[in-house]
Structure formats: C-alpha cells, structure tokens
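K.L.:
The structure follows.
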C-alpha cells in the first residue's frame, strides 16, 4: 500500500477547503465543538488524524465520534477515541489543534511532520470506526471524516447513528479481540440486558420500588436506542420514553434539568405525580440525572454526586459480604456538593480523591483503585474495575471454601461488572445500574434522597476581558493569580457557616465560573454574589457587575 501525501491536499482543495477567515480552535476534553457550518474542514482533518493515530498505535481501531453532546442543535463537534475506549492522549490533543489550524497550503507538510515526529509508517494498515448523533448535519460531516481517512488509505467502519458510549464500547471490544464483548449494537445491548435481567430476577417490584421509569431522551440518540432496549427488556423494566423527536437538547435533557433545576418540557402528566421516577440523558447519552416532584410540588434532583454515592455504597456492601479484599475509592471534582463528600468519607468510610474538572482527569485517578467510582455532578461517570479485582471476584464466585451466600454475592458482583460500561460514562448503562440498586434496596427516589441533605449551592458567571488572568491549582480549588485573590475569597467564605467557594476560568470563553455553597440558600446566594463581585474587581470584569440571584 502506497500513500501519496499530495492526495491530502488534493482532497482538501477539492472538497474540504478551510476559509482564510476561519479562527483558530482548540481540541479540549470534548474534542472540537462549534457551529456546524464551521466544521467541514475540521472533520476532514480529524479523519486524517484518526488514520495516523491508528498507525501510531500498531494499526488498532481508533474511534471518531461526531457529536456536540448537550450543546444546541445548530452546533456539532468531533472527538477521537483511543484503543481501549479512552479519551485521546493529551499529547495528541495538541497535534489535533495544530493540524486543524494550519492553512490548506500547509496541510500536507503538517501531516508529513506528524508522520516523522511520531515515526508513523504509512504502509501499515489504519482502522477507524465512525459514529454520529442524530443532528441533521451529522451525516454530511461524517462524509468529511470518511474522506480524510480514505485520503490516507485507511479502512473505515461506519456505525451510523450511535450513542457516544456505544462507539467507545465498539472500539474497546475490537482491540481486545472481543474479550470485552461483541463490537456490534446487538452485542452491546445483549451484554447489558443479560446482566440486568440476571440481577433483577423474577420480582419486578420490591419494597417502595415500582417498575415504572419516565425517560427523557433529550430528543437525541438516547431516545432512539432506549426504544430498542425496551423491546428486548420484555417488561423487566417498564420505561416510558418522552422527548424523542423534537429539537435536540431544547428545554430538555440532563444538562437542562441540572442547570435549570426543573423538569424538562414534555414530561408526561403522570410522571409529575409524587410517585413518578424520572431520568434525563443528554444529546449523545453519556450522562444521566434523576429527579422527581415531591408532595409539596417541589422539584428534587438526584445528580451525579447522588448516583456515585448510591452505587459506591452498594458495591462496598457486596465486596464486604463476599469477603474479597479490594481497595475502593470514589473520585469527585470541586463541584461535588460538600455534603456528599462528608457522607462518603464519614458515613460510608470510602476514600475520596478530588481532581481537576474534566472526565479524563477523573478516569485516570479512578484507575489507581481496585474499584474506582467516578462521577461529575452533571451525571457523567462510571465504575472501573482493575484486572486484580475481576480475578479476585471471579475466584470468590467459584471458591468452595466460601459460603454459598458469599459465592452468590461474588456472582452478583460479576453481573454488576457486566452491566457497567467501564470505557466511559454511559447514560443507559448507568441508568440500569441505578435501577438495579434501587430495586435491590426496595427504594423509591424519596428513600434515595433521604441518604443525606445537600448543602444549598449556587453557580455564577463573571465576564472578564481575558480569562487567562486567573490561574488555579489544587484540583481547581485554589487561585494562584491574580495575587491576593484567594486570600480575599477565604475572608469572605469564613463569614458563612459551612461556606465553600472557588472560581474556575472557562476553557473556551472569557468567563469565570464561581461556585458557592453554604448552610442556607440565602447564604449560598450571598456568598456567590460577594465572590463574583470580588472577581469582577480584581480580575478585570467587563460588562454589567454581577447581581444577586433570587433567594
């Protein structure tokens, strides 16, 4: 196989030109995201990079997912998936940024430079998997990705419309020679459903748990795939899907519910009753949150912090019951509610680590434990089991010296592992895990909420002339520039019972987010107001001064 790098420029010039007016963009945790009209040339170049990445990783399959997740419908995006379902290696994020930002005339030379620097042999095979969400512009952008792969004579497998976690799963299965499962939609659904049914048993309802879930599909791929799941579940879990055919993420989905602290539009009337158990996924189905309306008509949210504590507590009990010695830990970010951290450390007696914001940081930290549970407050997360943990649990399930109950518990743990998509946060897998634990405990959402009481918290935005004037450390919790700002924040926080506040610059726009929590809603609002104004004054705020939110 001979690859002529001139074809790289020829394809770009003929079909995927980059306009001179295009601004530079940066590959971040979410890959590239922008208005869909600006992304054709970006997609083509990510097809090129995916083929190069495959060759750099000994011809293993690399994933390219076309999605803008929870963004509005007019946006789209692209991110690469590494061989074991991980996010793209950080060093290659910079290669992606450099490749996308060169003019067409420099594209061939940039590809040649990557090949030379990374010692890539273009005579080796390249294997790339491509998936996309349901946005109307995704098929056209997918074609640009495919052209990039073909320009470097790579082999393409197009999976069409899939959730982001499904593509992560397909890549992992292929590169483990199917040890993780079959790299097909049927293989993915079959593995999860078999584990779920085995865990649930014949009894669909238990205690306060009722076999009815209302599922907000965010008008995205998550609704489409859940309808397929429902057919195969055969009543093991009754799911009513809503928000399945409107504008993606518009007044619905996990991000809308979490950010606005209210139910999505389109919620069925019966779901609004006090007994209604509801969940929302986002546009590409990699995050999920739960919620209900109580008897007083108050909206109650159970977010990623709550999911983490529910799953971690249940797994800890199973591990102890089957008598296996494993180190378990829970990973959070600074945005985790202080009450959840206190509950995990002091009540559940599970170690907690705090990392910088961004799934890749949580994922890497979770790998340090035998059983690592990580969730962001937005509902994105999963559980990772080390090979040592899997072997120990499997051995315990077959160990005749253990009691029958211990062996059964170990077998249940193995089924929990099969129900988990360890590669990345997966809304459908996480939802099935939550349903399994609630069913096992005989809990409704009232029972789950009663585990602990969240501290009231507020998230504010401050607009700055330049977000880069603020630098943070210690997992985003401490400001190191401008000098003196952190000391001033500490003085304000000290005035409020159970007060905590930190500021973090956005990765994409000139704003700084201010998080504040305290013992009462009024105090949390006041704390956020004072810290936001402090940042405005000391870090070069622009526009209107921050105003106090309604209490």
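Every residue gets a Cβ built from N, Cα and C, even glycine.
Sharing the features that TrEMBL gives for it:
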type	residues	note
ACT_SITE	69	active site, phosphoserine intermediate
BINDING	69, 282, 284, 286	Mg(2+) binding site
BINDING	376, 377, 378, 504, 505, 506, 507, 508, 513	substrate binding site
DOMAIN	60-93	domain 'Alpha-D-phosphohexomutase alpha/beta/alpha'
DOMAIN	123-174	domain 'Alpha-D-phosphohexomutase alpha/beta/alpha'
DOMAIN	183-289	domain 'Phosphoacetylglucosamine mutase AMG1'
DOMAIN	303-443	domain 'Phosphoacetylglucosamine mutase AMG1'
DOMAIN	472-533	domain 'Alpha-D-phosphohexomutase C-terminal'
K.L.:
Does the structure show the domain 'Phosphoacetylglucosamine mutase AMG1' (183-289) and the domain 'Alpha-D-phosphohexomutase alpha/beta/alpha' (60-93) touching, where I'm treating 3 or more Cβ pairs under 8 angstroms (sequence separation 6 or more) as a contact?
P.N.:
yes
K.L.:
To the domain 'Alpha-D-phosphohexomutase alpha/beta/alpha' (60-93), which of 123-174, 303-443, 472-533 is linked by the most Cβ pairs under 8 Å?
P.N.:
123-174
K.L.:
Between 505, 507, which of the binding-site residues has its C-beta surrounded by the fewest other C-beta atoms within 10 Å?
P.N.:
507
K.L.:
Based on Cβ atoms within 10 Å, give me the single least packed residue among the recorded positions 69, 378.
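P.N.:
If we count Cβ atoms within 10 Å for the recorded positions 69, 378, the smallest count is at 378.
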K.L.:
Going by DSSP, is residue 282 (Mg(2+) binding site) part of a helix, a strand, or coil?
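P.N.:
Assignment for residue 282 (Mg(2+) binding site) reads coil.
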K.L.:
Excluding 69, 282, 284, 286, please set out which residues of the same chain place their CB within 8 Å of the center of the CB atoms of the Mg(2+) site, keeping sequence order.
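P.N.:
Going along the sequence, the neighbours appear as 67, 70, 133, 163, 164, 220, 222, 281, 283, 285, 287, 380, 427.
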K.L.:
Around residue 513 (substrate binding site), how many other C-beta atoms are within 10 angstroms of its C-beta?
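P.N.:
If we count other Cβ atoms within 10 Å of residue 513 (substrate binding site), we arrive at 18.
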K.L.:
I'd like to know which of these binding-site residues, 282, 284, 286, 376, is least surrounded, judged by other CB atoms within 10 A.
P.N.:
376
K.L.:
What does the structure give for the C-alpha distance between residue 282 (Mg(2+) binding site) and residue 376 (substrate binding site)? Integer Å is fine.
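P.N.:
Pair distance, Cα basis, whole Å: 14 Å.
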K.L.:
Near residue 284 (Mg(2+) binding site), which recorded positions out of 69, 376, 378, 507, 513 have their CA within 10 Å?
P.N.:
69
